[in-house]
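Student: Input: one structure, supplied below.
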Amino acid sequence: MPRFHRIKFYHIPCQTNFDLNCFIDETYLCLCTNDHHANCVKFDRHKNLECPSTNYCTNGAQCRQDHPNCPSTVICVCNECFFGSQCQFYSKGFGLTLDEILGYEIKRNIFLFDQPFSVKLSALITMIMFTIGTINGIFSIITFKNKTSQAVGCGMYLLASSITSLMIVILFTLKFWFLIFSYIDSFAQRLILYSNCMLIEPLLKILLYIDNWLNGCVAAERAFAVFKGVYFDKKTSRKLAKWVIIFMIIINVILLIPQLSYLHLFDDEKEERTWCVILYSSSLHIYNSFIIFFHFFTPFFINLFSAIFIIIATARQRGITQTENLYMKQFKNKLKQHKHLFISPVILILLSLPRLIISFTLDCKKSSKHFWLYLIGYFVSFMPSILIFVVFVLPSTIFKRSFKEAILHGRRRIPLLKMNFYSK
């Protein structure tokens, strides 16, 4: 077919393959427009378009210019996850975010009920998690606010963790709906995106880190109590817990400040989307990776080693008062008795692991073959905060008793409050 007649059919590839951005033949370079038509121009594929200097484009991007000697246009072909005129912005610099996973799925200026199935399912899961997480958080606060639970610092750590978990659930839900409304409501789009990027995402990350450390503090306090035995000072433990919680919050905020100063909103005109990105530097990337690993593994190992120490130490104390032959029997009994100390950190690490894996494996392609795996993994990573009552209260006889006492006390107060109200 002659070239002139053949070009009439160049719209077909764009209309049959919506993911196609461009294609080329021996004469023309064709770009697929947003309405899926081909915009073709003559193109000499043998012409050298490389820039003589590689200083303009950053982060390994390829530099291209329209004329070898006197260029009027210079463009940078960015690698995956990089944006900007010079490829200076990095979309994964702040760790895993919902924007990266769900951003391309949400359709602009379309109400929720007309959105793709993945978006509607995410909305349903978000609201289910919000409901369960709120109930769990309130029940946990009721349990650990009890004076019996706060006899030692451990109860104060768990109370702080309960409050943190409830805040995480609320911010997680706000973040999802902010993301949805930023595409539906164009009037408030900029303000919503800015709040999501600069406020909600950093707060959510700080609270997740604090929650991990509070769980580690609970385990460390339990191990220290076993180590001190009868010499363990409960009053000192409570005072120390207050200072540790304050110190932990301050440190986590300080560690995140270097990343906050590099955050930007980037307008992708081609995709008609706005992304929360970070001004990339290799040192910041190394720092961010270190922070993610540090906040993930350190609390986990504190949990694990504390549980092992408690079981071995208590079994050895019992073994001293009896015979050496009964040591293994005592060890097995203690392992069974304190199995919740192992169960809690193992559950926490398994539920948090998807967040760590996805943070380093998530690609930046518009259509990812692992989309559903990433989306489910993201939701699962919030389970430790949502199920705090299930993880810490239900396996413990003492905390279950405290919860029942708090509920009974509340039931007794309700009739008294009603009487006082009507007497007025």
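Each Cβ is built from the backbone N, Cα and C atoms, and glycine gets one as well.
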Student: Tell me which range among 73-96, 121-144 TrEMBL lists as transmembrane segment.
Tutor: 121-144
Student: Which stretch, out of 200-219, 300-319, is listed as transmembrane segment by TrEMBL?
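Tutor: It is 300-319 that TrEMBL describes as transmembrane segment.
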Student: Which residues of the chain, 6 or more past the ends of the transmembrane segment (121-144), have a CB below 8 A from one of its CBs?
Tutor: 102, 112, 150, 155-156, 158-159, 161-163, 165-166, 168-170, 172-173, 176-177, 180, 375, 379, 382, 385-390, 392-393, 399, 402-403, 406-407, 410
Student: Mind checking which residues reach the transmembrane segment (240-263)? Cβ under 8 Å, same chain, six or more beyond either end.
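Tutor: Hits for the transmembrane segment (240-263): 93-94, 153-154, 156-157, 160, 197-198, 202, 205-206, 209-210, 213-214, 217, 221, 276-279, 281, 284, 287-288, 291, 295.
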